[in-house]
C-alpha cells in the first residue's frame with residue numbers, strides 16, 4: 001500500500017493562495033481553464049484570489065479514484081484556442097500522462113498545480129508542493145469528517 005498524504009481544506013486554501021500570488025499581474029490572463037474534476041476546487045480558489053471570472057473547464061479523465069486508466073477528453077475548453085493568455089489549473093500532476101495531453105491541447109497556456117510528483121513536475125510552469133512519487137494524495141473533497149470515539153469508550 002502506498003504512503004498517503006492527507007490534505008485538509010485549510011492546507012489546500014493556504015497552498016492555493018501562495019500559488020495564486022505568483023500568478024500576478026492578473027492583467028496577463030484571459031481566464032482560467034479548470035481541469036475537471038481535481039482542478040475544479042483549486043481553480044475556484046485561484047479565480048477568487050485573482051479576481052478572474054472567466055473560467056472554462058477541460059473535462060479529462062484518467063483516474064477512477066485509486067486506478068489509472070485510459071485518458072479520455074470528455075470536453076475541451078474550446079474558447080481557449082491554443083491557450084495563449086490562459087492559466088490551466090490542476091490539483092496534482094502525477095505521472096505526467098494527463099499533463100502531456102493538456103500541453104498538447106493548450107501549448108501556449110501557463111500550466112500550474114498545487115501538488116506535483118517528480119514524474120510530472122517538469123510539465124508544469126509552476127506548482128506549490130512537491131510530493132514523493134510513491135505517495136497517494138487524499139484531497140479534502142474525497143474525505144469526510146466523522147465522530148471519533150473517546151479513548152475511554154473504545155472498549
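Sequential numbering from 1, following the chain as shown.
Backbone N, Cα and C define each Cβ position, glycine as well.
As given in Swiss-Prot:
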type	residues	note
BINDING	37, 38, 69, 90, 91, 92, 93, 94, 95, 96, 97, 98	5-phospho-alpha-D-ribose 1-diphosphate binding site
BINDING	69, 94, 95, 96, 97, 98, 136, 137	GMP binding site
BINDING	91	Mg(2+) binding site
BINDING	94, 137	guanine binding site
BINDING	94, 137	xanthine binding site
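Annotated features, which come from Swiss-Prot, shown on the structure.
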residue: 37; record: 5-phospho-alpha-D-ribose 1-diphosphate binding site; Cβ neighbours (10 Å): 15
residue: 69; record: 5-phospho-alpha-D-ribose 1-diphosphate binding site; Cβ neighbours (10 Å): 9
residue: 91; record: 5-phospho-alpha-D-ribose 1-diphosphate binding site; Cβ neighbours (10 Å): 22
residue: 93; record: 5-phospho-alpha-D-ribose 1-diphosphate binding site; Cβ neighbours (10 Å): 29
residue: 95; record: 5-phospho-alpha-D-ribose 1-diphosphate binding site; Cβ neighbours (10 Å): 14
residue: 96; record: GMP binding site; Cβ neighbours (10 Å): 19
residue: 97; record: 5-phospho-alpha-D-ribose 1-diphosphate binding site; Cβ neighbours (10 Å): 17
residue: 98; record: GMP binding site; Cβ neighbours (10 Å): 25
residue: 136; record: GMP binding site; Cβ neighbours (10 Å): 14
residue: 137; record: GMP binding site; Cβ neighbours (10 Å): 19
Message: If I restrict to non-local contacts, at least six residues apart, and a C-beta distance under 8 angstroms, what lies near residue 94 (GMP binding site) in its own chain?
response: 117, 119, 120
Message: In whole Å, how far does the CA atom of residue 69 (5-phospho-alpha-D-ribose 1-diphosphate binding site) lie from that of residue 96 (GMP binding site)?
response: 13
- line: One should report the C-alpha separation between residue 136 (GMP binding site) and residue 93 (5-phospho-alpha-D-ribose 1-diphosphate binding site), rounded to whole angstrom, as 12
- prompt: Quick one: largest C-alpha distance among 69, 94, 95, 96, 97, 98, 136, 137, binding GMP per the record, in angstrom?
  reply: 17
Message: Rank aside, I only need the closest one: which of the binding-site residues 96, 98, 137 has its C-alpha nearest to that of residue 37 (5-phospho-alpha-D-ribose 1-diphosphate binding site)?
response: 98
Query: According to DSSP, which kind of secondary structure is residue 94 (GMP binding site) found in, if we only use helix, strand and coil?
result: coil
